[in-house]
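I have placed the structure first, in the form of structure tokens, so that the comments after it can refer back to it.
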Amino acid sequence: MPSPRPTPISPLLCPLSASCLEATTLVGRAASSASMSSLTCAKLMAWTIVAILLQILGISLFVFGFFPVKPALSGASGPESFRSPMCHSVEERDERNLPPQQLRSLYQDTSGIPPSFDQLILMVVDGLPAEFVLGKDDQPPTKAMMEAMPYTQSLLSNGMAVGYHAKAAPPTVTMPRLKAMVSGAIGGFLDVAFNFNTQALLDDNILGQFYDIGWEMVMHGDETWLKLFPGLFTRYDGVSSFYVKDTVEVDYNVSRHLETELNADNWNLLILHYLGLDHVGHIGGRSSNLMIPKLKEMDEIVKMIHMNKMLPEHNPHRQTLLVVVSDHGMTENGNHGGSSYEETDSLALFIGLRSKILTYASATQNAASQVDMASTLALLFGVPIPKNNVGVLMPEVFGSLTDDQWLRALELNSWQLLRLLQAQLPGLSQQSSPCNGSSYEQSSEISECVGQVEQKFCHFFSKAAVLHSSWKSKKGQTVRSINGDDFRNAVKAYDEFLRIASEWLSRRATDKPLNLLASGVATMFGSSMILLRLLFLLCKQVYFAEKQCLPNVNKCSYKWDLDESFVLGAILIVVLSMGSSSMVEEEQYVWHFVTSTLYLIFLRKAIQSVLAGPAPFLLNVFNGQNCSNYSRASSVILVLICGRILRGWHQGGVNWTHLPDISKWLEQAGSHSIKFVQIASALAIISLWSFLLYSLRLKRGFILVVQTMFLISGLLVMLHIMQCQDHMFAISGYNATSIAQIVYASLGATVIITAVASPWVMYDSMSKTQSSGKPCLVTYLSIDNQIGSTLFELRYSSYLIGWAYTASWCLLQLLLQQPINAVPILLIFVQILSSLVYFSAAGIQHKLWVEVAALYFLGMAGHFGLGNSNTLATIDVAAAFIGLSSHSTLFAGILMFLITLASPLLLLLSMVMYISMKDLKYLFVSQDEDMGRLLLSTIAFPSLVPLSLNSIMLTTFTVILLLMRNHLFVWSVFSPKYLYVCAITASVYAGVIVVAATGIYVCLIFAFLKRNSNASIRNPR
């Protein structure tokens, strides 16, 4: 067995002697001007800021290019919608300004299709999957679901209702889905961000069309409607959609108005938006004990509406249509936002149609797109189809129309899509001629088509128009009634044109300007090159310092160690995996693999050190001597054990979430088991952090104050867990909100007081302690008191501040995370502590950039270990409102960001403790180092390595997304992943800013105090 490579003398295990400084000062000063001065703290900070600004600019250019605002025609459809696009009317401008009643009459005269109904009740059941009502894969719903909604099922069985699996486009969140239903337009992917700050809808939509003809509209439910359509509703009662802990009051506030509204006769449109079922899903998933009672409640609402407004004996003069829809579905965990079948399977149920559906299968086994709602409702109620609609008509809904009327409806839908095509394809032009007055039988011939795409559309539209014209020319002839081939051929031709036009327009809404995308990629690439160049110069500078002070370092050539090579290989593995949609969906496997493999390499090196060194004498082990190698190996083993448990806690990703894991086993054991594990984890975290603080033996009064504040916060978190945080109960009461707010204030005060006061208190305390020669910290935390230098003082203060950051962060996550994630928080904390102990005991056996990269890998593995994935569905919306007494988009967004990126942020905050536990004095070649050199030696690697690693991931995936812009899964897989990449980038910025700001503040305070102290010594009174 070959002997292991000689280990460099660790400054932690063998303090750097004065002789080293004396021997290397002259050489160091001579070489310093040639090498080390090449990268100063000021240069590093300036170039890093430039790189970050360039990166932000590149992200902005790419995001605005790749996720553009969808192209839309201005204005609203009017009477011209009922005339052929190939003609114009000189009266169009005057017609649009007609009073509502005259405009309604004009629409009825020119449409050729009489309105089928007078009143519309739009009942939105937020988050209701269509399979709960209609079944799945041509199979009826489960017995439990059918028994939960007996009245709705009876309507489907008796042919009095027809349902659709209305596919929703991602992102499957409320606001963009409502916009799609009422406007028929494809929303932008970034609408997911605007979902939390809804703005008024300016595009043409059916509510605006109803308002133009004088409809009175009433809305009760989700306040998103009020934000989308301000001023349109004569009566309303809005409720916030983001208090997902509430499953009772949020629906009661809607239903309490129902009896009054059903008896009233002064409205044409009644919107009822129920949020409770969606909130049940967020709290307990599809299988929640609250789901069946909520479905029964919704079924009773349907029954009440149907019996009061839709049975003929109750409405002899008015025809009312009830449409029950859902904006999106939900996953098994009750979340949504992604593109899986469970999330996009929304419901569209029409109740009260004039035609009777013959079979249960024909009433339930229908498919459509969610955008088809707008055109269907528009023609059912005799108003123009919205101008930017890309949807097509739902044929089963129009069963009561005659053949003439159905062909007319298809013609109107085709005309509307043709106008949209002409606006985006200049080669698809026509010769405009005056319209034929009141008649709707105008010419539909397209005069010119230039271009391959244009010719395709011309062919299909002209074919449909000719067949329709042939059908109309036979009006009154006997052969028309005998031979239905002309009718079927015309319908088929219209269907073909509508299908290809709708698909093309849907894709066209996401076209991307390549010049803007290329500019963004180039800017990000330049930023990455700057960061990597800075990291290279920093590593070169550190290697030079090692050669000057550490005799075992090879002075002739640089030799790559196995851990360094693997980190580079791991980065390559992650980069290559991003090009596969399947690997993006299951990215957690990659991070768990590279993290565990890297720590196995660390374990190999630790075991080699144990085998190469002498066996420690038992007494020395108890005295804390000669056991460093064993503690290093034990630390790595503990990291690997925690990582394996973390890996099996959640079956993350997309494709394998149904497989058993530890969290599912605990959930099956019941809520009491989860709460027990949660309390035990909280106690373990509080105890361990308290012990780490107790190990500091400086300024006991100040330490006692900090520890007391921390314990108060911990006890409040425990109180919140025991009394308020139970996923089986719906309403988050006043006590829960108050406790959470107190926890926020307490943790904030602990962090601020510790960070601000620590340098001042520690400087005075350590001066006294050093003069007395008393020990300050236990030896395994690797801070000794044998160095009378500013670096020593800085490390003590950084340790206390880093403790405050990480301890407060763990308590905050215990408060915010799902109860099932308490153990993963504990495991990540143990991994951090074990890694810091290992790195502090390892001296310089590993390069600094390798150690920081290992912590970065731990953060990413922990991110997926908490149940996160690259789909928007795993974002925990419910927890983002813990402690909020009123809705705040800003604070809720911040909390959601902190919850989702808890692990990467925690590892970045732990860099402050890493600074304190790594002895970096070997980087100094003289005893009179300035503050800039001190900063460079402490915060450079913890700041620059995460920025560099993230820039590689960001730039690489940006290029991949550009290459995959026409991929089948671009919106369902790659685009959500890119949003996560941008969010992780923001978390890296935040973490690096905290680390750098802490280091700069501590150094400035120590410099100020040391200067005052020296001045006092020189000028005694």
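Here the Cβ of each residue, glycine as well, is placed from N, Cα and C on the backbone.
Going by TrEMBL, these are the annotated features:
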type	residues	note
TRANSMEM	44-67	transmembrane segment
TRANSMEM	516-538	transmembrane segment
TRANSMEM	565-583	transmembrane segment
DOMAIN	566-998	domain 'GPI ethanolamine phosphate transferase 2 C-terminal'
TRANSMEM	676-694	transmembrane segment
TRANSMEM	701-722	transmembrane segment
TRANSMEM	742-763	transmembrane segment
TRANSMEM	796-816	transmembrane segment
TRANSMEM	822-841	transmembrane segment
TRANSMEM	848-866	transmembrane segment
TRANSMEM	890-914	transmembrane segment
TRANSMEM	934-963	transmembrane segment
TRANSMEM	978-1009	transmembrane segment
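Sequence-distant residue pairs (6 or more apart) of the transmembrane segment (848-866) and the transmembrane segment (934-963) include at least 3 whose Cβ atoms are under 8 Å, placing the two stretches in contact.
Per-residue confidence over the domain 'GPI ethanolamine phosphate transferase 2 C-terminal' (566-998) averages 80 (mean pLDDT, predicted model). When Cβ distances are compared across the two stretches, the transmembrane segment (565-583) makes contact with the transmembrane segment (934-963), since 3 or more pairs at least 6 residues apart fall below 8 angstroms. The transmembrane segment (516-538) and the transmembrane segment (978-1009) are not in contact, since fewer than 3 Cβ pairs between them lie under 8 Å (pairs 6 or more apart in sequence). Contacts between the transmembrane segment (978-1009) and the transmembrane segment (890-914): present, as 3 or more C-beta pairs lie under 8 angstroms, all at sequence separation of six or more. Of the Cβ pairs linking the transmembrane segment (676-694) with the transmembrane segment (934-963) and spaced 6 or more residues apart, fewer than 3 are under 8 Å, so the two regions do not touch. Long-range contacts of the transmembrane segment (890-914) within the same chain, counting only residues at least 6 positions beyond its ends with a Cβ under 8 Å from a Cβ of the stretch, are 196, 242, 798-799, 801-803, 805-806, 809-810, 812-813, 816-817, 825, 828-829, 832, 836, 839, 851-852, 855-856, 858-863, 865-866, 868, 875-877, 879-884, 942-943, 946, 983-984, 986-988, 990-992, 994-995, 998-999. Counting residues 6+ beyond its ends, the transmembrane segment (701-722) has Cβ neighbours under 8 Å at 675, 678-679, 682-683, 685-686, 689-690, 693-694, 736, 739-740, 742-743, 746-747, 749-750, 753-754, 757, 761, 765, 800, 804, 807-808, 811, 814-815, 819 in the same chain.
Remote same-chain residues near the transmembrane segment (796-816) are listed as 678, 681-682, 685-686, 689, 692-693, 696, 698, 703, 706, 710, 713-714, 717, 720-721, 740, 743-744, 747, 750-751, 754-755, 758-759, 762-763, 766, 776-777, 781, 783, 822, 825, 829, 832, 879, 882, 895, 898-899, 902, 905-906, 909-917, 938, 994, 998-999, 1002, 1006 (criterion: CB distance under 8 Å, separation of at least six residues from the stretch ends).
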